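*Asks:* Here it is: the structure, laid out below.
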């Protein structure tokens, strides 16, 4: 399974093409649109989300509510494009129109300046448009397809925010994936401890009044994962490594950890390793899950627990200093629409990319042309691992 995304933030539409989804997977636009709506939601989102109401359109690969095995093409229209027809025109236009909304003051922390240098742009809008987090719309759409596949294989996935700008959220112990999903969905800030809800919302309001932004940490948890996905035989086949790459590819994500993560560096080995248990009913399990579901780059049957750290959104309403690329004079950075935080939305994107990598790994291990073949292969493998 592989995919590509295309489109600009203020272009006419966003597109994704997925190849390798087996035939026969039940799939409708509603399966995608629910996740797209959650990506646009969350406390603290800005004006762009009031303009767009993302709805996916299938243009290939799905017929009568099921995948056909052909490449799946999905489009999402950018409604805001109508205000940018000249600025984002694919055809050459008059110079006086080209100068409208031209960007020569790069924003610190964005791709603006480095993209301009790399691709030799005199208008940094070209960097801004493609590097925008608007692209994650299609990664969420791709992830929704992947999640539909994982659900057919009895795997479930959820995300929630565990740190808001330095404020850690206490997470009740032993929550199931379903409970995490339910609690986070009921929270405007995607947390599972509702006693902290108003405190976090008040904090976001204060950050907005200050013209500033905050980052944080989001966690994705996956249950029902088969043992042995990934491999130790080559560095690039380790599944936790593939997941780490996918997570830090998300806009503004700067770090990733599994299970205890960096805390493991402060503990003794006896306080980190997960003791192995066996029972006739469950087969092999672990007493704890400090390693986040991975040993040797492979899934060990425990829930996958992965966290990603998101830096504060770099577009500030009180902009930092920058330099004009035409005059080299100091200027305040360009201000585009921004949010005080996008952590709840980022959690949806992280959930999507994790689901996508897991679907890719499943289809690599259990190559199948149609869904029934895949389900039979996975069920047979689960029986084998349980009775090993």
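Even glycines carry a Cβ here, placed using N, Cα and C.
Straight from Swiss-Prot, here's the annotation block:
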- 39, 45: NADP(+) binding site (BINDING)
- 130, 131, 132, 251, 252, 296, 311, 312, 313, 314, 315, 337: FMN binding site (BINDING)
*Asks:* Within the chain of residue 39 (NADP(+) binding site), which residues six or more apart in sequence place their C-beta under 8 angstroms from its C-beta?
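*Replies:* Those within reach of residue 39 (NADP(+) binding site), by Cβ under 8 Å and sequence separation of 6 or more, are 54, 136, 137, 140, 345, 348, 349.
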*Asks:* Pop the Cα-Cα gap between residue 45 (NADP(+) binding site) and residue 315 (FMN binding site) into the table, whole Å please.
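*Replies:* Cα to Cα, residue 315 (FMN binding site) and residue 45 (NADP(+) binding site) are separated by 13 Å.
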*Asks:* Roughly how many angstrom lie between the C-alpha atoms of residue 252 (FMN binding site) and residue 45 (NADP(+) binding site)?
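*Replies:* Computed Cα spacing between residue 252 (FMN binding site) and residue 45 (NADP(+) binding site) is 16 Å.
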*Asks:* Look at each of the binding-site residues, 252, 313, and point out the one with the fewest other Cβ atoms around it within 10 Å.
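*Replies:* Comparing Cβ neighbours within 10 Å for the binding-site residues 252, 313, 252 has the fewest.
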*Asks:* Going by Cα-Cα distance, pick out whichever of the binding-site residues 130, 132, 311, 313 is nearest to residue 45 (NADP(+) binding site).
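*Replies:* Ranked by Cα distance from residue 45 (NADP(+) binding site), first place goes to 313.
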